[in-house]
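Colleague: This is the structure I have questions about; it appears just below.
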Amino acid sequence: MKLHLKIWRQKDASSAGKIVDYTLDGVEGDMSFLEMLDILNEELVSKGEEPVEFDHDCREGICGTCSLQINGEPHGPDRLVTTCQLHMRKFNDGDTIVIEPFRAKAFPVIKDLIVDRSAFDRIQQAGGYISVNTSGNTVDANAIPINKHAADEAMDAATCIGCGACVAACKNASAMLFTSAKVSQFALLPQGQIEAVERVQNMVRQMDLEGFGNCTNTGACEVECPKGISLTNIARMNREYLSASLKG
Amino acid sequence: MSGLIKSSIARKVVMALSGLFLVVFLTQHFTINITSVIDPDTFNSWSHFMGYNPLVQFVLQPILIAGVIVHFAMGFALEIKNKKARGGSYVKYKGSANAPWVSRNMIYSGLVVLAFLVLHFYDFWVHEMAYKYIEASPEDPTRYYHETVEKFAPAWRTILYIIAFVLLSLHLWHGFASSFQSMGVNNKYTPAIKTFTKLFSVVIPLGFAFIALYHHLNPITH
């Protein structure tokens, strides 16, 4: 199929960007979206032009590196997939596809389609960890009995890959779905109780410091999340935060 | 504690609590108003009680006004912060793909309701304050029904009120259930809360619109 691509090109963080039009022929339905961009880049390189920069790593939907706002939606029109799992069969011959970086004040554009998502790393560093004895007496995590329902919910929360689609989709560029998933994956487990009070306070404080917006419960994040992280995590984080604040 | 006040979650809770408080007030307001259609005498006596009871006038009324101010002032503050959080704007942003219109446009439905409140305050509250405290007119427990019905004689006012009630309905449609999520309530009762939200956000504004239209169509003939 033949596609008309409108791609955001930006030299660096301090330069102004703009949409550049490209036409790409010979795209097959079985290609992933990133493979389509690879082909575009091969054409650009062969013509002596600078390739389009985009983030990618595992290309199997688990690393959370690929991003891209495709036709107005993070990771494109498909559900529960990352950009690398999006197949070109979701598009039709002659389609125009607008490809942009995720946009948030806390995710500044580095170049073209690559944004700096280290704000997520700092939120995680602020409290997304547990105390574990690593001095040789490490206790097997499976030795602690955990309610099946809680274990499942914690695992569901832990499947968040930190891609930032929630922020990109949210009309407020809020990072509450990400932060709440990272709070929940520990809050639901006995191992997470030691730092529970400080964790949620520190992670929410860092989230606010990074300049993300406030959640207004539109639910856009849940719909666009490639891992289907639920809004119940945000409610849990709100509960955790309020109870932690009361405890001091 | 200062961290709590500044935090995004605490601000969400302020929006939720003030919103729920206004929902309770709306229910009480509707209960009194509907009596103007059912029994004018009841409407007169309840209105007189609300207008002259010191607890209502000097405690509940200021709390209500504070609730309205907190809700819209915080709403504006959060909207400005949220707009800034986007940074650069998208060339293409398909909000309709993942969230309902009402949830994405609370600021606009809220602004219409706020504009309506200005008109509503002018129509009833300013008039009432002038009657009681400036003109120092004598108590008349029978005046409320006539005053209310006469207000809805002009078609323009009735239409403006009905438009505001439609926007109020849209605002409640998202806001009511959303306030529970903000306060951390998302559990087995959430489907029931969502169903009740839909019922409430249709029945109450529809009832208010009915009252306005009823009085417009049934003027007092002297």
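In case you wondered, yes, glycine gets a Cβ from its N, Cα and C as well.
Please treat TrEMBL annotations as automatic predictions, because they have not gone through curation.
What you are looking at is a predicted structure, and each value in this text was computed from that prediction instead of being measured.
What TrEMBL shows for this protein is this:
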type	residues	note
TRANSMEM	B:12-38	transmembrane segment
TRANSMEM	B:58-80	transmembrane segment
TRANSMEM	B:101-122	transmembrane segment
TRANSMEM	B:159-178	transmembrane segment
TRANSMEM	B:199-217	transmembrane segment
Colleague: Excluding the flanking five residues on each side, which residues at least 6 beyond the ends of the transmembrane segment (B:58-80) place their CB within less than 8 Å of a CB in that stretch?
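Modeller: Hits for the transmembrane segment (B:58-80): 11, 14-15, 18-19, 21-22, 25, 106-107, 110, 114, 117.
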Colleague: Between the transmembrane segment (B:101-122) and the transmembrane segment (B:199-217), do 3 or more CB pairs sit under 8 angstroms, pairs being 6 or more residues apart?
Modeller: no
Colleague: Using a Cβ cut-off of under 8 Å, list the residues of the same chain at least 6 residues beyond the transmembrane segment (B:101-122) that approach it.
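Modeller: Sequence-remote neighbours of the transmembrane segment (B:101-122) are 68, 72, 75-76, 79, 95, 157, 160-161, 163-164, 167-168, 170-171, 173-175, 178.
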Colleague: Within the same chain, where does the transmembrane segment (B:159-178) have neighbours whose Cβ lies under 8 angstroms from its own Cβ atoms, ignoring anything closer than 6 residues to its ends? I mean 6 or more beyond.
Modeller: 16, 19-20, 23, 100, 102-103, 105-106, 109-110, 112-113, 115-116, 119-120, 152, 190, 193-194, 196-198, 200-202, 204-206, 208-209, 212-213
